[in-house]
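Quick notes on the structure that follows.
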């Protein structure tokens, strides 16, 4: 599959041969990861693409020759500089974790008493425990700048920590801990207690419906870690009543909070699109007239036009809270007309 893409942005980076970079990928199993490498050269025919060589990835299992690839500029960024001050990580922080020779985007879901952190990875739905030195705060490289800027991110964390600790905080901004954080339990989806009659959304791993979310109602518990639900849009085979099904808790979430869109969606916004009686995650590929949008669906490689009324901002339900995903990552999903 070709990775050639263009962008509506007027800003384009320029990397020179020998520049140290981090390389991302939209290939299955690697989305949300960044691997260290070096720029070999810029393509002559397409100056938006670069030949790069990875530091730790090899062409085959023999490990004798480092892997080289040609990638689009949106899949490159400079290595982030080190933090100027010691960062106190906490529950809910969006981070990158060093794992399998790369940095992977995730969120801290638990703080352990031994100073380690549990990190949940949205792309693989895995949770892995890391030492603090294996984590860094996640930032985006946008038009030649880190967002949020390093100093700004640090100040925000200091203010938030000071507020949470009240008048007991000391030495704010010096890198020391404000106080020893209370270890938080590992909180999966059971943070929300699903009860009879509760309005929810459910998903399935069935072929053709993976990633889709259906509106449903909790009927009753049906065993350990699962519930009997009734779909609000799907009916049984003879179309006489709404379909009921037993669903595991990990495939159930509360209905997302309603979000009012004032200025409309923008290119690269990640959205849920209502199609065939359920919500599908996609990316805004083009803004059309009359409040319509072209949405790209990565799993099916399709583009479909929707009215704004049939779209909502995409959010992920991660360990008891709604998380808005990164827009910058969606650069690598789009091929504009």
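Glycine is treated like the rest: Cβ placed from N, Cα and C.
Pulled from TrEMBL:
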COMPBIAS  1-10  compositional bias 'Low complexity'
REGION    1-29  region 'Disordered'
DOMAIN    13-84  domain 'Agenet'
DOMAIN    87-143  domain 'Agenet'
COMPBIAS  151-160  compositional bias 'Basic and acidic residues'
REGION    151-185  region 'Disordered'
COMPBIAS  161-171  compositional bias 'Polar residues'
COMPBIAS  173-183  compositional bias 'Basic and acidic residues'
DOMAIN    192-260  domain 'Agenet'
DOMAIN    263-319  domain 'Agenet'
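Counting residue by residue with DSSP, the domain 'Agenet' (87-143) contains 3 helix, 34 strand, 20 coil. Taken together, the residues of the domain 'Agenet' (263-319) have an average pLDDT of 90. The DSSP breakdown of the domain 'Agenet' (192-260), given as helix, strand and coil counts, is 3 helix, 34 strand, 32 coil. Counting residues per DSSP class in helix, strand and coil order gives 3 helix, 34 strand, 35 coil for the domain 'Agenet' (13-84).
Counting residue by residue with DSSP, the domain 'Agenet' (263-319) contains 3 helix, 34 strand, 20 coil.
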